[in-house]
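For reference, Swiss-Prot has these:
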| type | residues | note |
| --- | --- | --- |
| DOMAIN | 1-141 | domain 'RNase H type-1' |
| BINDING | Asp9, Glu47, Asp69 | Mg(2+) 1 binding site |
| BINDING | Asp9, Asp133 | Mg(2+) 2 binding site |
Amino acid sequence: MKHIEIYTDGSCLGNPGPGGYGAVLLFNQHSKELSQGFVHTTNNRMELLATIEALASLTETCKVDLTTDSQYVKNGINQWIKNWRKNGWRTSDKKPVKNVDLWKRLDEQVGRHDVKWHWVKGHSGHPMNERCDVLARDAASGKSLLPDEGFQG
């Protein structure tokens, strides 16, 4: 099984507002960068989408070390999602899970791979996190912004 390192970040100019995600995938001596901007979205949606798109870009099952600066993503996938799924995608206080469209997609992608999650403090000088931040911010301020079809706000 191939071992891939993935680094992700999301950015939003306004929250909600124009947003983007960035991801860097490393395999042996190869690297691949992914990014996309959206017209109107949130930071959390971009953090989720970065991980989804990075995992979805893998064409076979892989062992993945995924590093994010989002506690929301890391805690959601490691702690909260099992109960959300069990409770019909509702939180412990019976409210609908926010960003459920993306959580379902992430759940599906994580199921395809052996993922180990890592957290790094954002803007702390971690080279790959900083690169993802640049990709995400550049995408958010770019000209080819897409609609975020799942955004409700």
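Glycine residues also receive a Cβ, built from the backbone N, Cα and C atoms like all the rest.
Compute the center of the Cβ atoms of Asp9, Glu47, Asp69, which mark the site for Mg(2+) 1; besides them, the chain residues with Cβ within 8 Å of that center are Thr8, Gly10, Ser11, Met46, Ala50, Thr68, Ser70, Val73, Gly122, Asn129, Cys132, Asp133, Ala136. Just so you know, the Cβ of Asp133 (Mg(2+) 2 binding site) picks up 19 other Cβ atoms within 10 Å once every protein chain is counted. Within 10 Å of the C-beta atom of Asp69 (Mg(2+) 1 binding site) sit 22 other C-beta atoms, taking all shown protein chains into account.
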